[in-house]
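These notes are about the structure you will find just below.
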């Protein structure tokens with residue numbers, strides 16, 4: 001039997017557990033241009049110093065583990081470790097801090113949102129020393145941005161494909177979201193597009209259920225698109241949801257959409273996953289399809305103020321993974337969304353360069369290096385009376401999506417679409433003439449009603465509908 005040898009301290013290894021602060025809390029660190037920066041809102045367990053928690057976040061999301069290990073000596077931890085370089089208390093909150101962590105770019109695989117998130121928002125969110133942890137923002141350095149393909153086409157190319165300029169785009173989610181046959185579904189699509197909408201949409205739950213298999217839906221919808229285009233002389237589209245149980249099935253549906261000649265398909269990027277989304281985005285770029293992205297499941301991740309991931313991070317991740325549209329909330333509808341916060345991440349979706357602005361929740365300056373922008377989609381509980389606010393908030397580069405606000409019109413689907421189109425064009429013209437939509441929007445809509453009986457009927461139906469609930473996630 002070989003006798004056990006004693007480990008000498010001079011050999012460079014000492015077993016045991018040491019404070020994360022000794023290695024991963026580095027307040028003197030000078031951030032590099034190539035570092036990925038993260039801002040975490042952390043709530044330590046009672047009695048745990050914030051410096052220890054910040055260091056633990058940096059360690060557990062990069063090179064650290066709970067004890068000293070032999071193999072630390074086989075690499076350069078100083079080169080690869082994450083560093084908590086600053087901690088600041090959250091104003092007005094007890095025992096909450098913003099911890100800033102810098103990650104060397106070499107920790108992440110090029111062009112992989114999946115790998116980036118696996119590290120930064122992985123096991124660390126279950127760490128016992130933390131009562132709660134939320135990723136508020138990420139700074140993606142240009143060196144890493146350039147490894148991503150990004151949106152298949154972007155806002156300008158989409159406008160060129162559609163030949164639609166100078167106004168926002170109009171959409172509608174077909175309702176009821178589940179239960180229609182494929183033929184009746186196609187009929188609703190046709191009526192909405194003929195009435196004046198640019199797009200109609202599959203609901204995020206619509207995949208290939210027994211009442212309507214995907215191939216039947218695709219065929220009837222394609223027929224509706226071509227018929228509406230022939231009658232109106234405008235390019236029309238429908239977001240055909242290609243999301244499926246496997247990537248192979250998803251790609252089969254995308255190929256079918258391409259063969260039918262439709263302009264746009266759709267994916268549920270959070271439930272479908274970033275790997276599937278990036279694969280689909282690359283296919284769409286190579287084959288001339290626009291890609292509409294729905295954010296189903298986002299509120300499970302982003303709605304709680306103290307724990308999870310803020311939507312601005314999910315929006316940045318989608319821009320890197322690839323998508324031409326992304327649902328972003330409405331500010332004025334039925335879904336969660338504070339105005340300044342929403343406008344902050346809308347700018348992060350659309351603009352090429354966004355300055356740090358804590359008043360809008362933007363913790364870092366972000367340079368997208370000419371990566372195409374993503375068009376925000378405002379959807380959820382909106383109707384014609386919201387149109388002035390939507391035009392004022394989002395401007396032209398947005399898709400305004402009225403589901404119930406189209407299909408709930410008392411005269412039917414086509415009149416509902418016409419009402420929305422008249423309201424949009426009236427508000428756009430009023431804005432272009434210098435009128436203040438925030439103050440005069442109601443007058444603009446009432447004036448347009450004189451020339452559009454469809455709009456007048458819609459205004460009468462929804463004149464008392466409001467969604468006045470306080471926003472949970474505030475700055």
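Cβ atoms here come from the backbone N, Cα and C positions, even for glycine.
Per Swiss-Prot, the feature N-acetylproline maps to 3; the stated evidence is experimental evidence. Taken from Swiss-Prot, the feature 4-hydroxyproline applies to 104, 151. Here Swiss-Prot flags 123, 173, 177, 295, 327, 379 as substrate binding site. Residues or ranges marked as active site, proton acceptor by Swiss-Prot: 175, 294. If you look up Swiss-Prot, you'll see 201 marked as N6-carboxylysine, on the strength of experimental evidence. Under the heading Mg(2+) binding site, Swiss-Prot lists 201, 203, 204, citing experimental evidence as support. Taken from Swiss-Prot, the feature S-methylcysteine covers 256, 369, and the record attributes it to experimental evidence. The site 'Transition state stabilizer' annotation in Swiss-Prot covers 334.
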Item checked: Most crowded position, judged by CB atoms within 10 A, among 175, 177, 201, 295, 327 as recorded positions -> 201
Check: Which ones are near residue 177 (substrate binding site): of the recorded positions 203, 204, 369, which have a Cα within 10 Å?
Finding: 203, 204
Next item on the list: Do me a favour and check the Cα-Cα span between residue 256 (S-methylcysteine) and residue 123 (substrate binding site); whole Å is fine.
Entry: 39
Notebook entry, point to check: Which one is closest to residue 201 (N6-carboxylysine) in space, judged by CA to CA distance, out of the recorded positions 151, 175, 295?
Noted result: 175
Margin query: Other residues near the Mg(2+) site, CB within 8 A of the CB centroid of 201, 203, 204?
Written below: 173, 174, 177, 202, 205, 206, 239, 241, 266, 294
Next item on the list: For residue 123 (substrate binding site) and residue 104 (4-hydroxyproline), determine the Cα separation and express it in whole Å.
Entry: 19
Note to self: For the C-alpha pair, I'd like the distance in angstrom between residue 295 (substrate binding site) and residue 204 (Mg(2+) binding site), rounded off.
What the structure shows: 9
Next item on the list: Would you mind listing, in sequence order, the residues at least six apart from residue 151 (4-hydroxyproline) in the same chain with a Cβ closer than 8 Å to its Cβ?
Entry: 281, 291, 319, 322, 323, 324, 371, 372, 373, 374
Next item on the list: Determine the C-alpha span of the substrate site listed in the record, that is the greatest distance between any two of 123, 173, 177, 295, 327, 379, in Å to the nearest whole number.
Entry: 37
Next item on the list: Could you round the CA separation between residue 173 (substrate binding site) and residue 203 (Mg(2+) binding site) to a whole angstrom and send it over?
Entry: 6
Next item on the list: Return the residue, from the listed binding-site residues 123, 173, with the maximum count of other C-beta atoms within 10 angstroms of its C-beta.
Entry: 173
Next item on the list: Out of 104, 327, 369, point to the one nearest residue 204 (Mg(2+) binding site) in space (Cα versus Cα); all of them are recorded positions in the record.
Entry: 327
